[in-house]
Every structure is written in C-alpha cells, then in structure tokens.
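*Asks:* Right, I'll just put the structure down here and ask away after.
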C-alpha cells in the first residue's frame, strides 16, 4: 500500500475525528462525511457552552475555586484550530507535496518514516489515556464526596459553572457535573488531537531529512578507486552522480516543505509556549493541594500531571529531532572522487526553529559555489510562499501613488486626534491652524493632570499611589521623551520620509503588494489595542463614579487618580468635575501613547517592506531559466537587461540601508527607553491586576481589557522589530537558489557582497540588552513580574 500523510499514523486520524477538529488530512478534493461534520458542530457547541458557563460561574465563587486551567486549555484550542483553518490552503499544499514524495517512496523511506513515528506512539497513548482516566476519576470522585448535601451552589461543581439559579437540587447538580465531565473530555480530545496533528507534521518532515542523510551516506558508502571512476569515465560514476542530483532535488522539495510548515505552525508554537507556562502554573497550584485531598483525587491529579509532562517532553523532543535532522551534515572521505562539485567540500547548514525560522548558509569560497551551481543549475529551491501571499492582496483602484502618509490611515488619524502632530509630509507641508490649536489644548490638559497628580500623590496612602498613580507617571515619561526625541530630530524624520516617498513613487505593482502585505497583519491587533484601551479606561473611571455616589465629602484619594485640584475635603460637584477632567486627560494620554507607538511601528514596517521587496525582486530577476549559449556568454539582450535590473536593485538596497541608518538615529534611544518603561508599565499593571479579586465585576473587566490591549501592543511592537531583523538578514536567501551564477563576474561579485551584508542584523536600539524582539517579549514580562513582587513585598 502506498504511504501518505494519513495512513502512516492511525492515532492522528482517529483523534482528528473523535475530537471534531476535522483538520486537513487529505487533498482539497476529498471531503468528510456529513455525520462527522454534525458531530464536529456538536463538540464545538458543548465546548462553548461549558466555557460560557464557567466564565459566569467564576464571577460568583472565590479565587481558589476558579477554573483557570480549563480556560487556558480553551484559549489554546480556540486559537490553534482556527489558525490551521484560516491557513488550510498551506496545510493542503504541504500534504500534497508530502504525498507526492511518499507515493514514490522506496523501502528505505518507508523504514525511515516508520522508525521516526514509532517511538512516540506509546508516550502519546499514555498521555491520552492518563488524561481521560484522570478527568473521569477527578470528577466522579467529586460527585461521590458531596452526596450528603441537599442544596448546591455554583462552587459545588467540579468547575464553577452557571446552568441555573443557585441554590439548586441534587438532580440539577448531577446533570451539571455530568455535562462538565462531557465538556471537559471534549476539550481534552480537541487539545490532544491538535498536538498530535502538529507533532505528525514535524515528524514527517524529520523523516524526510533523515532519509536524505541516509541516502547520501549510502551513495558515498561504496569504495571505488578505479582510475576510470576517478576520472569520470565509468558508468558507475555517472549513475552515482545521477543519484546525488536526485537527492539534491529531493532536498530542495523538503526545504519548501519546511517553509510551508513554518508559515503554518509558527504562531501556534509561540502561543503553545506561552500557554504551557500558564498551564503548568495552574497544574502546580492543583498539585500543591494533593495532601489535603482524597486518595482517589490525588491519584487523578498525579495521572493528569504525568500525562501533561509527557506531552510537553514529546513536543520538545519532536522539534529537537527536526533541528538535529536538519543540522546533520555528512562528510565522507571518498567524496573527492566526483568531478567538480564532488571534489569540493560544500557545507550547507540550515537551522530550523518553528517558533521563528533562521537560515545560515556557510560556504568555503566564491569560485567553489559558482562551479557547483553552474553544474547543477537545474536543482533550485523555488520559494513561492511570499509571492503567493503578496499576490493575494488587491490594491485599491484609487490608490495612485503611495507615500508615507496614505498607506496607513490609522497612523494619520491617531496623529491628529492625539495632538502629537508628528512629521507626516515633506518640510514644505504643515498642519492646519485648527489642529495646532487642538494640539496645544491637548498638551495643556495633559500637563495640568500631571502637575495635579504630583501633590495629590503626596497626601494619599502609598497603596493608592502604587496601584493607580505610578502607571500614569511611567506613561507620561515615555510619551514626553518619545515626543521630544522625534521633534528635536524632525530633520531626520523629514529626510527619512522624503527618501521613502521617492522610492514609493515608483510605479511598481510588486512594491504596492509588498507594502500592503506588510502593513495589513497589524491593523486588527492595533484596532483591538485602541478599542480595548479606550473601553477599559472609560469603564474603569465611570465605575468609580457609581461607587462614590453615596458620599457627601470627598478627598484626593477618592479621585480615580490621586490629584489636587482644590483643598480637601470638597463637595460632590468639585469631585465630579475633577473626575471628569481626569477621564478626559487619561483619554488624551492614551491617545498620545498609542499614536506614538503606531507612528514608530509604521516607520519600522515601511523599512521592513523595502527589504522584503528587494528580496522578492532579486529572486524574480534570477528566476528565469535560460541555458542559451549566447545568454551564458553575455551576448544576449535579455542577459544585459537582467544585469541592469540587478544593478538597479543594488542601488535600491543602498538606499534602504541609508533609510535604516536614519531610522536608527531617529528611534534608537526611544526604543531603549520604551523597553525600560515597558518593564515598569507591566510591573504596575501587574500590581493593579493583583487587586482584581477585591474589585467589582465592572472594574475587573476594565482592568482585564486594558491589560489585554497592553499585552497585544507589546507583542506587536516586538513582532514588528523582529520582522525587520528577519527581513534585513533574508534579502538574498530566495535569490541564492536562482540563476545568479549565469551573470557576468562583476554582477556575481556584487551579489556575493550582498550575501555578506545579509548576515548583519538590523538592530535599532542603542543598547543591546534593551532591544525589542520576540524573545524580549517574554523577558519584559518576566522582569515586570519580578519588580512587581518586590514592590508588593515593600508595601
């Protein structure tokens, strides 16, 4: 029977059906039966009902009884399954390419695939069965332990949930707990299925790398010192050379699979990492209660914990196996006997990490690479993912000429609404008189609030200052420094905008597509950050009004933020006017902050788009295959046209490097300060978040919304800088596998210099330890947590 993605792992297929995930397993033409589709809808409905009931139930019970572990599992499932579904075309591409490879598989490939998949079967079965048994035992023992009661409340359920008004009868309780059991098993099945599905992707790719390594070793294994063989006049020589070329083509196909896999699973793996931290945190909290529980409950907790640890280990092991398989390079003492490229020592190392893919190519000399690629020009890696993604975006019909301003309307609107009026045009252009007056008004309101908060913070308890005042002070410092930094260097900003507009005015459809593709993914997160922040601030302040209506005399500490607008005590009217002023000022502060951040992100993303455009254009220029003798000797018009295009791209690359240097001069200190301020900001947000349990539901929701928006903002900022770093080091990666070796030596030397420059990362921040990147996202949160604990202990 022919191998394919589906039939080599029956556990993956069964769990995909039982969980109702129905993730891609076949070709796009294949479909799943109506029964399984209805069953899938039922599973999702049960999961959503349970989560909604649990969220409602958690409000009415103490913090000790909340169902945070189940909510973390639901977030993981809810993010990962839709992520695969929104990119199912990538999944189908991966499966189709893999099935084509597997359909022509020899006995060696079958053995390698089965050897790779076999070791994880027993651990995965243990994880599955231990998890299901633990859940059933944990809930049933709970039901038995409270049989003696007649009336029940939400906290009596295994997970606090609202199915009816409390108190309720034993019958309602029993039905509710059984539903919780079914819903929990549904969620667990979905989680296990999702994890097994992703592990299967990784293991199948690992098997391909192992197969390539094994085939190369087998090809070089036979020793042959015959003179004819060594000089290239033996039939065995040409047979072996043909086998090596076939393996090279296979290797290129596998690299394409790796890029598809990275696009498909990179976000999922990053989220899984973060949620695994929280999941094991809450598992640890449950495990800490094991000494005070019944024997049966203790066994259930131990089983579930053991299964979770095994699952995490298998996942880490699978990714590590892929990295090891990719990095496994074979050197053999008899590879010098092959003509030209088999006499070379060609070392290729590609390090793949699914949370973020880094590629490094190490080569011994310029001439060696040119000889090698000249001999095997038919072996290329054609990376189409970026092209296809850019082509999927359509350009508005009224979009005549792009410039720094009109490609991001959110940036323009926030710049005006906040009153920042940061440079958007050329030097000759200016903002209208109305917006200048409005900007002055916003700044006056802002400074009045800060001046009032300083004396107000002196007369209130330290807890009030720590919880409410310091966060605003940190934001004020960040805004004031960032704003002044850009205004004192506005000539640099104008230079940057002018150079960028000169590039963007070129009528090139590819440029438009790349720019829109770069800017599009951050629009929804930034809108969420803006909306959640505004709603959180308004709700947090308005809820405070309601709570203080019953008082007649008020003090500085009664304001939402401690501020001194008049002598204390003061009347309700003064309090109301003061708190409304604080609300308006907080909205102004938030608008200034988000406008500053969106402006900086826009600068970074526009440079990122230029690096991506260069990478794409170079690859497209070298993509066309032409083996004509005139072309190779330089006597073809197409040859000179292509050489002219390469030189134009080199000039463009130089302009982009100048833009990068201007960007670093403009934003380096701002980014370093933002890093430090982000640590303190999340520290004080954490202190505020620690009071959620003692606040009203409305205030708690407002704090959660603001915290969510702030977390999203930090992630987007880190992601934008990381994309710039990646784009600046991947300019020549796609073009390297195209026909650049057919050009004149002068052009080849230019391209090789670009490859060397490609290894230099674009770092914006002044200080290395205070630089934004995806790894620094978790570093900032960890540092914030440590400082928050220190402040709370001091309190």
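Using the three backbone atoms N, Cα and C, a Cβ is placed for every residue, glycine included.
Residues or ranges marked as transmembrane segment by TrEMBL: 38-61, 68-85, 126-147, 168-190, 271-290, 310-331, 433-458, 470-488, 526-550, 570-591, 666-689, 772-792.
For each feature listed, report its degree of burial, its nearest neighbours and the pertinent distances within the displayed model.
*Replies:* Listed by sequence, the residues of this chain that lie at least six past the ends of the transmembrane segment (38-61) yet keep a Cβ under 8 A from its Cβ atoms are 17, 19-22, 67, 70-71, 74, 77, 154-155, 157, 159-163, 166, 179-180, 182-184, 186-187, 189-190, 697.
Tertiary proximity for the transmembrane segment (126-147) is limited to same-chain residues at least six positions away from its ends with a CB under 8 Å from its CB atoms, namely 15, 156, 158, 174, 177, 180-181, 184-185, 188, 192, 294, 296-297, 299-301, 303-304, 306-308, 310-311, 314.
Note on the transmembrane segment (168-190): residues 15, 18-21, 43, 46-47, 49-50, 70, 73-74, 77, 81, 131-132, 135-136, 139-140, 142-143, 149-152, 156-159, 161 of its chain, located 6 or more positions outside it, place their CB under 8 angstroms from a CB of the stretch.
Under 8 Å from some Cβ of the transmembrane segment (470-488) lie the Cβ atoms of residues 420, 422-423, 446, 449-450, 453, 561, 586, 589, 592-593, 596, 599-600, 666, 669-670, 673-674, 677, 680-681, 684-685, 688, all in the same chain and six or more residues away from its ends.
Proximity of distant same-chain residues to the transmembrane segment (526-550), defined by a Cβ-Cβ separation under 8 Å and at least 6 residues beyond the stretch ends, is recorded for 410, 414, 558, 560, 575-576, 579, 582-583, 586-587, 590, 594, 598, 601, 696, 698-699, 701-706, 708-710, 712-713, 716.
For the transmembrane segment (666-689), the list of distant contacts is 466-468, 470-471, 474-475, 477-478, 481-482, 485-486, 489, 492-493, 496, 600, 603-604, 703-704, 706-707, 710, 714, 717, 721, 764-767, 770-772, 776, 780-781, 783-785, 787-788, 791-792: same-chain residues at least six beyond its ends, Cβ to Cβ under 8 Å.
Below 8 angstroms of C-beta separation, residues 270, 274, 355-356, 466, 671, 674-675, 678-687, 690, 714-715, 717-719, 721-722, 725, 764-765 of the same chain, each at least six residues beyond the ends of the transmembrane segment (772-792), sit close to that stretch.
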